[in-house]
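Feature annotation from TrEMBL assigns active site, nucleophile to Asp66. Feature annotation from TrEMBL assigns Mg(2+) binding site to Asp66, Asp351. Look at TrEMBL and you will find Asp68 tagged as active site, proton donor. Positions annotated as GMP binding site by TrEMBL: Asp68.
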Amino acid sequence: PGPAAGSQPLPAEGADTKTYLWARYHEMKKLVYDLLPPGVCNLLNPAAIYANNEISLGDVEIYGFDYDYTLAQYSNLLHSMIFNTARDILIEQFKYPEGLGKYDYIPGFAIRGLHYDVQKSLLMKIDAFHYVQLGTAYRGLKPVPDEEVIELYGGTQHIPLYQMSDFYGKGPSLKQFMDIFSLPEMTLLSSVIDYFITHGIEFDQVHLYKDISDAIRDVHVKGVMYKWIEKDMEQYILHGDEIYAVLNRLVNHKKKLFLITNSPFSFVDKGMKHMVGKNWRDLFDMVIVQADKPNFFTDRRKPFRKLDDKGSLQWDKINQLEKGKIYKEGNLFDFLRLTGWRGSKVLYFGDHLYSDLADLMLRHGWRTGAIVPELETEIRIINTEQYMHSLTWQQALTGLLERMQMYQDAESKQVLLEWMKERQEIRSLTKNLFNPQFGSIFRTFHNPTYFSRRLVRFSDIYMASISCLPNYDVDYPRRTPLQHEAPLWMDQLCTGCMKTPFLEEMVHIR
């Protein structure tokens, strides 16, 4: 394409292309900064609801909820407690070296959605197309050089489909960490590997991974975590006061509510009393605890059992699910038969894309809502002036490289190399704003992450917390542009700052 309107003409043959290239560079840089004046940020609302699929909440009659990290959001202090307890289990019960006791939880080391290659002891971020994002592969607490990663996978960054996670994130050699509770597990895994490598201790990768998984599981299964939370709810539970307002609003709009959780009743009861009040059960038409998801959604074997008000099991056969009663285990097939709650009139919220949402959407046609607490932090970063300027200049620089690569003389090639180096530095900068090791949970440098692809696949809508629900006041989401439609959407790239007069100049940035 020729130069954009108002730009300098192409240099005559034999003219100084180096000077011309740098003139275009400075011209574009000024344009980008003129388009993004101070105070242009805060374009995205961290409390908004984002839609992957067209959905009208007016058509939804029944709202279902998971409990942990859906109705109840927990503080990061919980991750330190899980890490410390599982670390001590490894030392005391699994007889791991006592030197591990010197390792503490590292907040912000890992992010959700990472993959772990058990045979290679690699923790890494993989994009939607099965490519490892270079610079995000760690063995222990140290990054693995890009060249070594490529060599480990036979000269490529690509992970073949047969090695990748299955439907629930557990492949033959790769495990994907999708649970928010997995943050301390990934950090413990990395810490133990760091200790063994640092001290020159040989270890079996499969045994080590299983031991750490078992230690983390014990923290949950033996109820230790529940006791911490019950002991100090003010310290562990976040946004509790907002949950009552959301649930009460739904009930006032004649919506039916139900709860399906893997947590035990006594724990859920204490938490809901703390957040909503002693009569919290009056808001719900159905409460199911210790559901054993995802098996609850796929397996017909376990019947429902009723609990009395003290949490003791009853022995009578369940022929109906009654409002105000508490049920244990069961399965979705009996749930559908007894309630008749089917299809798109049901919307279920959960934080785990696989265990909570995938089966409901694909097998049963329910609407699904993903709770992604990390969304709030990531949007606040996106709204900063540093991120906005870095991203827009990176896009503009990419456009310049695309348009000017026709100049292949020695001096021009040197200019283009300098631009490519600057572009790489900006990419690293924007990645580090989210997380120095792994970047954003939603994207690699240029592609969505594997987590993002699953988020789009298994959720109709997603948000940072249930307290965002009252903000969804429109029936339909905006249309998402396809790649070949993108130039038509340039005026919406940065609403409020990229005005139509600049369209001709800005089109190539995309």
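The backbone N, Cα and C atoms fix where each Cβ goes, and this holds for glycine too.
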Taking just the CA atoms, what is the gap between Asp68 (active site, proton donor) and Asp351 (Mg(2+) binding site) in Å? 8
Over all shown protein chains, what is the count of other CB atoms within 10 A of the CB belonging to Asp351 (Mg(2+) binding site)? 23
How big is the gap, in Å, between the Cα of Asp351 (Mg(2+) binding site) and that of the residue listed as 'active site, nucleophile', rounded to a whole number? 8
Looking only at Cβ atoms, how many others are within 10 Å of the one on Asp68 (active site, proton donor)? 23
Nonlocal neighbours by CB distance (under 8 Å) for the residue listed as 'active site, nucleophile', same chain, sequence gap 6 or more: Leu259, Ile260, Thr261, Lys293, Tyr348, Phe349, Gly350, Asp351, His352, Asp356, Ile371
